[in-house]
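> One structure follows; several queries about it will come next.
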Amino acid sequence: MAANKHAVAPMEVSVEAGNAGAAEWLDDDGRPRRTGTFWTASSHIITAVIGSGVLSLAWAIAQLGWVAGPAAMLLFAFVTYYTATLLADCYRTGDPETGKRNYTYMDAVRSNLGGAKVVFCGVIQYANLVGVAIGYTIASSISMKAIRRADCFHKNGHGDPCNSSSTPYMILFGVVQILFSQIPDFDQIWWLSIVAAVMSFTYSGIGLSLGIAQTISNGGFNGSLTGISIGVDVTATQKIWHSLQAFGDIAFAYSFSNILIEIQDTIKAPPPSESTVMQKATRLSVATTTIFYMLCGCMGYAAFGDNAPDNLLTGFGFYEPFWLLDVANVAIVVHLVGAYQVFCQPIFAFVERRAAAAWPDSAFISKELRVGPFALSLFRLTWRSAFVCVTTVVAMLLPFFGNVVGFLGAVSFWPLTVYFPVEMYIKQRRVPRGSTKWICLQMLSVGCLLVSIAAAVGSIANVIDALKVYRPFSG
């Protein structure tokens with residue numbers, strides 16, 4: 001989130017025209033001089049990575065056990081780090097210090113690969129953004145529902161089921177998003193990244209703290225080497241599907257490759273080159289995130305064992321202190337309200353650009369009324385409201401947080417984290433086809449493709465299984 005910023009049109013700088021002084025404040029592409037460093041890039045990555053994905057890690061490790069669970073997290077961390085270093089080399093096309101800059105992930109794909117691969121990348125990116133919007137709607141409603149249930153348990157005791165539907169909370173979340181979607185450039189608000197960082201560390205820290213406290217209260221670690229046991233509650237087939245979905249959950253937690261180029265675009269000009277700084281920042285960020293994720297996932301599993309919920313803060317492994325659970329879930333809601341808009345703004349902008357280009361003289365599209373922070377036009381109001389309504393209805397039909405997170409992680413991991421960085425690096429560095437390095441990179445890509453397919457199949461199978469007992473709009 002911290003990486004997004006206003007696009008400034010390149011400027012022509014002419015010393016003869018008296019702009020020599022201004023040139024000192026501009027980079028080689030005519031944009032205002034970038035001031036980012038190793039530390040700011042590291043903080044941006046950590047802020048972008050740590051989010052709602054951390055809540056499902058305890059469940060993921062519970063499916064895999066004490067051996068395969070942490071090993072899978074380390075493997076995903078290594079792959080994410082390695083492919084991120086490949087992607088960092090693609091920020092500039094050609095020379096790593098003076099080549100043409102690519103401002104976004106899509107720019108890098110277009111510059112290095114072009115053709116049908118640009119279309120494929122666009123489809124995957126926008127589909128992923130729609131999926132994230134649905135997932136955030138589910139996660140927010142579950143947290144709002146959890147606040148009500150936590151207060152109910154505290155008042156009436158743990159024996160009271162305190163049942164309620166998440167549907168009204170999804171509708172409330174949708175109404176708020178319709179309002180916020182009418183604010184132009186909502187994702188560019190300067191304090192939004194600060195709020196997101198504070199909120200994500202708040203609920204992640206609370207989840208970790210409660211996991212540690214519960215483990216101490218238990219007098220030791222729960223769980224087993226092989227994960228959740230096959231028995232009355234879990235069949236052998238379900239164990240397989242759950243284990244595969246766990247890979248998707250872990251992949252979702254590490255998804256940040258699609259904004260890495262934008263973060264790199266904040267780093268000041270060489271020397272050292274932006275790719276060198278970014279690779280060091282990625283190393284620190286992935287290591288820091290992995291330690292934090294390992295603590296959250298492992299302590300959650302240690303606290304609850306086979307009963308680890310798919311959302312650590314809403315599955316009610318914890319009941320007290322109820323007010324701390326409320327604080328954590330409020331932080332989740334506040335974070336996801338803003339995050340929804342940040343992820344949806346590129347979709348809104350894409351459709352609106354296409355509409356403006358197709359019907360430049362249409363008052364329905366171009367006529368705008370400013371009311372306070374809102375910029376209202378009939379087209380924007382209609383299109384953005386319709387989008388929010390569709391994502392809300394889909395969330396109501398499929399309110400399965402863990403399954404949706406696993407599926408999103410699965411379908412975005414291979415193309416965005418592995419395939420495109422590998423292909424762009426091969427093209428950028430002119431790696432000879434058939435060479436040892438080329439073969440190793442292709443083996444990595446194929447291996448990750450198989451993992452993504454398996455994780456997606458597992459998540460879909462779990463959704464189908466859940467739909468057998470779920471009644472739409474009742475959960």
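Using N, Cα and C of the backbone, Cβ positions are placed for all residues, glycine too.
According to TrEMBL, the domain 'Amino acid transporter transmembrane' annotation covers 34-464. Residues or ranges marked as transmembrane segment in TrEMBL: 41-62, 74-94, 114-139, 189-213, 284-303, 323-344, 381-401, 407-426, 438-464.
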> Count the Cβ pairs between the transmembrane segment (284-303) and the transmembrane segment (381-401) that lie under 8 angstroms and are 6 or more residues apart in sequence, then report whether there are at least 3.
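In this chain the transmembrane segment (284-303) does not contact the transmembrane segment (381-401) - fewer than 3 Cβ pairs sit under 8 Å.
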> Would you call the transmembrane segment (114-139) and the transmembrane segment (407-426) in contact, using three or more Cβ pairs under 8 Å, pairs 6 or more apart in sequence?
yes
> Sort out for me which stretch, of 323-344, 407-426, 438-464, has the most Cβ pairs below 8 angstroms to the transmembrane segment (41-62).
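Comparing 323-344, 407-426, 438-464: 323-344 has the most Cβ pairs near the transmembrane segment (41-62).
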> Please give the sequence-distant neighbours of the transmembrane segment (189-213): residues at least 6 beyond its ends with Cβ less than 8 Å from one of its Cβ atoms.
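Sequence-distant neighbours of the transmembrane segment (189-213): 1-2, 47, 50-52, 54-55, 58, 292, 295-296, 299-300, 302-303, 312-313, 318, 324-325, 327-329, 331-332, 334-335, 338-339, 342.
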